[in-house]
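Quick look at what Swiss-Prot annotates:
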type	residues	note
ACT_SITE	126	active site, proton donor
BINDING	22, 23	phosphoenolpyruvate binding site
BINDING	102, 131, 132, 133, 134, 135, 172, 173, 174, 175, 317, 339	UDP-N-acetyl-alpha-D-glucosamine binding site
MOD_RES	126	2-(S-cysteinyl)pyruvic acid O-phosphothioketal
């Protein structure tokens with residue numbers, strides 16, 4: 001099992017290219033199930049979750065061609081991948097694969113819309129709270145589907161003639177449930193109106209792609225999305241938007257380690273709340289023609305309180321990274337998590353590096369310290385793992401992060417990108 005070794009104390013200076021967003025790429029890939037034509041996606045990151053979803057889609061009948069060939073391109077960024085699903089050959093999504101990644105559960109929407117029935121295992125993925133599927137079930141039921149849970153699977157069936165458009169308001173904002181209901185509604189009869197919809201940029205990206213495929217979706221990016229059903233979708237070519245979580249992660253790494261870095265192929269507008277929070281913490285951030293520049297030279301890190309919220313609020317996927325930054329602040333800060341329960345598993349690992357953090361319910365109190373000290377630590381989930389890397393960049397001595405397969409799920413060549421900017425980061429294979 002691989003480990004990441006970090007020698008702290010080095011500023012970051014240089015250019016870091018930002019990859020395509022994993023959280024956008026996954027639903028876009030799943031949308032290929034909605035058409036028998038070819039969906040071509042550009043700027044697809046090379047990540048473990050993307051590779052796993054390719055396998056899952058292949059089981060359903062999707063032919064996958066990477067950069068025009070059917071082999072993996074290990075040495076290239078921004079891959080172009082062609083997805084063609086002439087016929088759906090299997091409407092069952094097995095526990096063996098779905099349990100490894102929660103987002104693969106989202107195939108339930110396109111399979112139900114195109115084939116009228118499917119059997120999908122209940123999901124797995126990051127160990128962050130319960131993440132119930134109730135919202136998915138309720139949304140699809142509103143479109144006329146019958147849903148039955150049996151032996152760890154959901155058996156879903158559309159009414160004769162297909163799904164039927166309806167008005168439905170989610171009781172709680174859910175990005176995944178919004179993705180699924182939006183995809184399913186594209187082929188439903190009549191008009192669907194989704195209330196309390198997720199407003200994340202990844203939802204807008206999916207809607208733009210579906211519209212390019214012939215869907216009729218309006219309102220994406222607002223709390224109300226309207227979908228006029230069509231009889232079929234065609235192929236399209238679409239570029240995956242930049243990864244705002246990767247952007248924020250590297251911005252926080254620079255704020256932690258110090259230095260001057262340009263983040264290329266991204267957009268400040270994708271994470272305005274996080275950028276403003278970093279400015280309050282003492283980082284100097286400015287937009288560039290193709291991204292953003294972040295500097296922190298000499299000045300200390302100021303304590304800032306945050307509360308995670310759905311977009312446009314502070315992203316839960318940057319909470320662990322920001323907490324790592326606050327461990328070196330000049331005072332006391334508070335981090336309150338409102339999206340997921342049990343998303344403080346990184347706290348005890350940060351404490352091994354010398355962080356002073358106390359928990360009270362869903363709020364963490366962080367007392368900034370003058371120095372962190374390197375130590376062996378263990379990744380517990382995707383975002384927590386990178387928070388340990390950020391802390392290691394500023395810790396005295398050597399930090400080793402184990403279980404880095406979590407990192408490989410969501411960060412493309414992290415150690416390479418950091419090393420190019422002067423960090424001492426090394427992957428150790430065992």
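Every residue, even glycine, has its Cβ placed from backbone N, Cα and C.
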Cα-Cα separation of residue 134 (UDP-N-acetyl-alpha-D-glucosamine binding site) and residue 22 (phosphoenolpyruvate binding site), in Å?
24
Provide, as an integer number of angstrom, the distance between the C-alpha atoms of residue 132 (UDP-N-acetyl-alpha-D-glucosamine binding site) and residue 23 (phosphoenolpyruvate binding site).
19
Residues near residue 174 (UDP-N-acetyl-alpha-D-glucosamine binding site) in space but at least six apart in sequence (CB under 8 A):
135, 136, 198
Residue 102 (UDP-N-acetyl-alpha-D-glucosamine binding site), number of other Cβ atoms within 10 Å:
19
Of 22, 172 (the binding-site residues), the residue whose Cβ has the fewest other Cβ atoms within 10 Å:
172
Measure from the Cβ of residue 134 (UDP-N-acetyl-alpha-D-glucosamine binding site) and count the other Cβ atoms within 10 Å, all protein chains considered.
12
Sequence gap of 6 or more, Cβ distance under 8 Å: name the residues on the same chain that satisfy this around residue 23 (phosphoenolpyruvate binding site), in order along the sequence.
175, 200, 202, 243, 245, 317
I need the CA-to-CA distance for residue 102 (UDP-N-acetyl-alpha-D-glucosamine binding site) versus residue 22 (phosphoenolpyruvate binding site), whole Å please.
13
Return one of helix, strand or coil for residue 132 (UDP-N-acetyl-alpha-D-glucosamine binding site), based on DSSP.
coil
